[in-house]
Amino acid sequence: MANATVIIAVFLLLFFAIPSAIASGDGAKRRVIDAEGSPDDLVWVVQLSDLHFSVHHPHRAQDFIDFVGPALAFIKPSLVLLTGDLTDGKSKDMLTMKQDEEEWIEYQKVMQDVVDRSGLGHKAFYDIRGNHDNFGVPATGGSLDFFSRYSINSQQQRSGKVNSVTIQTSKRKVLFVGIDSTMDSGLRGPTNLFGHPTDELLAEIDSELLQWDSRSAQPITKVSFGHFTLSFSAASKTGKTLKDIFIDRSLAAYICGHLHIKFGKNLKRHHHSSGRAQHSKQLLQLNGHRLASENASSCHNSDARSDGFWEWEMGDWRRSRAVRVLAIDRGHISFVDVNFTSGAKKTIILPTYPLDSRFSSSSNYKCDPSTYGHIRALVFSFSPIISVEAKIYDTSSGNLIVVLDTQMKPLAGSRADLYVAPWHVQAFEDPSPDRYVLQIEVTDFKGRTTTTELRPFSVTGVPSRFKWGWAEFFVLGCQWDLLYHPILWGIYSFALSALLIPRALLFFLRRHYTYINFRTNKSFINGLLWISTELYSIPAVSFCMIGYLLYLALCPWLYGQALSEGERAFMTYRGWVVSRFSFLKKMDFLGSPDVMVVVLPHLIFVVLPALVTIMVLAAESSVHRDYLISISSKKKDGSDSRNKKYASQNNSGNKSSEPKRRWIRILFLVISLAIFWKHFKNCEALVKAYEMNPVIHFPLYSFTVPLLLVYSIWRTGRNMNTTST
C-alpha cells in the first residue's frame, strides 16, 4: 500500500507539477497576488527608470534613499517597477562604458534600504536590465554580469528574460509582463543602444500575455514594462517586433524608460493597428496622439484594445528625479509623473476619472453611465488630509471659468485614500476634447496645499491632440532600426553620385568646362560639370575620396575591444564581428543597427562636409585663378579687341566679387577646422570606448579625411599662388 501511495504521488507530481513548471519557465516567472480590500476594481503601481547609480555621482543614490523609500511608504503600491539602467557603467569623462562592480554593490545596498523603509518587501520590486547594465557583458550569467548577482530579480530567483505578475481584484485581473530585451552579448557603448528581442523572446512574451485569455471569466487589463522605447527596439530575424505582439494581444499600455526627459516631456505615443499581419513597418509617426476614430464612440468589448496601445516613456531619475504612479481604475489607466528635484513630496495626487483626454483610451460614459457618476482621485499623503477639492474649468472663452467646485470625500472602507465627488457627467458632454479641464486641490493638516496640473478631459472618449517637439519626434516618432539603412545608402548614393556621374558626363561629352562657361550659361548642369572638372584636376583627392567611400562600404572600420573580455572584434557598417574565424563561415553581426551611432555621425558630420568643402575649395580656386588671369591680361598690350572687351567686362565684374570669393575660401577654411575638431572628438571617443590605437587599429578611419582636406587646402592654395606668379 505504501509503495502504491508513493507511485501515485510521483505520478501526480509528474502530471501536474512538471507541465506547470514547463508552462511557466521557472517557478518565479509567473506570480499572482491579491489586491485586498476596497475599492474592488482599483490597482496602482510605481515605476522608476534610468537610475544611473554612479561612483562619480553619489548624490543619485543618496537622493534615492532620502526620497523614494519614504514616498513608497505612504503610496503603498502593489508593485514597484524599475525599468532599466540601474547603474551608469561610464567613466567620469563618459567615454569608457563597461560594468563597475562598485556601482552594483551600491545599488544592492540602496535597494535594501528602500525596501526596509517602504515596508513593501522584496517581492513587490521588479527590476529589469537596461543597456547601461549590459555594457561590455560577454554573456548572461558570466563573471561580468553583475545584474545576475546584485539585482532584486536575481535575489528573488526571477532569472528569465520575461517575468509576469498578476494583481487580481474581485472584478478584474491586471497582468504586468516585464521584458528584458538587451543583447545576449552586451557590447560596450556607444554601440549598445537598441533592444534586441529574438524570435524566442517574442514567443515567450506572447505566451505570457495570453496566459489568462482562456482561463479567466474576469476582464483582463494588460500592461508591459521594459527599458527600451519601441523606436529603439530592433526586429527579430524573422522581422517580428514587440509592437506586433502588443497589438495582437490587446495590450493596454507599454511603460518604459531609456530616452530621459531631456528629449521632452511628451515622450508618449499611441500605436495603432495597421490592419496588416505585421504592424511595425511604419518608418515615421508625426504625432503621438490617439486617432479620433479609435474607440471614441464604441462600447463593444471595452476592455479589448486591439486597435492599438499606448507607449509611455517616463523620463529618468538620473537628472529629473522622476517617479511615476500608475493606476488601473475599473480597467482604465491613468498616471502622474512626480519630480523630486526640489525635494521630498508630502502629497501626491492622481485623478483616475475623468481621464486625461491626451493619454486615455476610450472612456465613453454612455457605455455604463452608472460607473462614471463620480469624480475620482487617489490622494497619497505623508500627513493627514483636511480637504480635497475638485474644480472644473471651462476654457472655451480663452479664460479659465469655474463651472464646478465641489468637495471630495474619502471612499468608505477604502484601503487607499480614494476620494470621490458626485457630478452630472452629461453636463460636460462636448465635441471638444479639451474644452473642460480638471484640477484637484488638497490641503493637509499642516496647511500645505498641493494642486494637480490642469488636465483636459472628454466624457465621450474623444482624444485630445498633443504636439511633439522636434526632439520628441526625432527619438520617438522615428523607427530607427528601419531608417538606418535607407539613410546610410542615401548618403552613399549622394556622395558617389556627386563624384562619379559628372565624371562620366565629362568623359562622354569630351568637353572642358570652366568658370567662363558657367558664367556664360548659368545652369545646374554647367555648374556641376565645372566643379567636377576642377575637382578632377586634383586626381589624388577625387580618386582617394571614391576609394575611401568604397572602403567604408566593404571593409572593417575599427578593430577594438567590443566586449570587456575576450578577443578584439572588428566593426563594419553592418555591426561587430566578434569571432576571429567568422570569415570562414557566415558572419554573425552583433549590434546592428546599434553601430549607426558611429556610422551615421561620421558620414553626416565628417565625410559629407569634407566632400563639399573640397569641391568648394576647388571651385573657388578656379574662380580666383580666372580673376587673376583677367587682371594680368588687362596689363598686356593685346591686339585682339575681343580679348580686351572680355578682360574689361571680366575685370569690372570681378572687382565687386573678389572680396566675396576670398571670404568664401576663409569661410570654408573655418569649416575645415570644424570638421577636423569633430573628427578628432569622434576618434578620441572611439579610442577610449574600445581601447584602440588610431595608428594601429583604425588608421584609415582616423587619417583619410584629415589628410585629404589638408592636401586639398594646400593644392588649391598652390594653384592660386602659381597663377599669380
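The backbone N, Cα and C atoms fix where each Cβ goes, and this holds for glycine too.
The feature compositional bias 'Basic and acidic residues' is assigned by TrEMBL to 634-643.
The compositional bias 'Polar residues' annotation in TrEMBL covers 646-656.
As annotated by TrEMBL, domain 'Calcineurin-like phosphoesterase' applies to 45-261.
As annotated by TrEMBL, domain 'TMEM62 Ig-like' applies to 344-462. If you take every residue in the domain 'TMEM62 Ig-like' (344-462) and average the pLDDT, you get 90.
What TrEMBL lists as domain 'TMEM62 C-terminal' is 485-699.
For 634-657, the entry in TrEMBL reads region 'Disordered'.
Per TrEMBL, the feature signal peptide maps to 1-23.
The transmembrane segment annotation in TrEMBL covers 487-508 (among others). Under 8 Å from some Cβ of the transmembrane segment (487-508) lie the Cβ atoms of residues 528-529, 531-533, 535-536, 542, 545-546, 549, 553, 573, 596, 599-600, 603-604, 607-608, 611, 615, all in the same chain and six or more residues away from its ends.
What TrEMBL lists as transmembrane segment is 528-554 (among others).
Residues annotated as transmembrane segment in TrEMBL: 595-619 (among others).
For 663-680 (among others), the entry in TrEMBL reads transmembrane segment. Long-range contacts of the transmembrane segment (663-680) within the same chain, counting only residues at least 6 positions beyond its ends with a Cβ under 8 Å from a Cβ of the stretch, are 602, 605-606, 609-610, 613, 616-617, 620-621, 624, 705-706, 709, 713, 716.
Summarising the annotation, TrEMBL assigns transmembrane segment to 695-714 (among others).
Sorting the domain 'TMEM62 Ig-like' (344-462) by DSSP state (H, G, I as helix; E, B as strand; all else coil) yields 7 helix, 57 strand, 55 coil.
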